[in-house]
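The domain 'Homologous-pairing protein 2 winged helix' annotation in TrEMBL covers 8-68. According to TrEMBL, the coiled coil annotation covers 32-138. Among the features that TrEMBL reports, domain 'Leucine zipper with capping helix' is placed at 149-206.
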């Protein structure tokens, strides 16, 4: 006689068949707590189902392992398995194609969302026109000879440049005195010696502080 659907045996039998894997009574009790079944009731249900041949069990020492009866399941043969694998491969391919199509649609949606509305285009156009006008006004001032640098700022820059030029000339003079002392009695060709040491004069690179008695005009 089949157990009632709401009885402990029916609940345990349904769980064991659904799991279809080796279980002990503690596994079943932990998983069926939501049914408020005590472990003793679950153990009794398992033993009754095993005694009646509704489930299989094996003993390992003092522990009993329960398992759904395998003869109740429809075991597929190799041809059926291969057919299922082919169908699964087709479904996987269809799934990838659907994912690709969804990705393309999402990309199009993002592109449409990133496009400006007519109102936004007008606002951006007005902003750009304002920036262009400000730049044109600034350019007109430059063409008209308007001084855009304050006199005190100009004087500070001129003083700084003058100081740097003075230091440049001083160091240039110190190097020349030292170089003349080293090469005074040297038998080597000075040009070759200079190239050998990797030395370059300011004049070699088209740069010299000579004649610059004042800072360059800004």
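Here the Cβ of each residue, glycine as well, is placed from N, Cα and C on the backbone.
Because TrEMBL annotations are produced automatically, they should be read as predictions rather than curated entries.
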Residue counts (helix, strand, coil, in that order) that DSSP gives for the domain 'Leucine zipper with capping helix' (149-206): 45 helix, 0 strand, 13 coil
Mean per-residue pLDDT computed across the domain 'Leucine zipper with capping helix' (149-206): 80
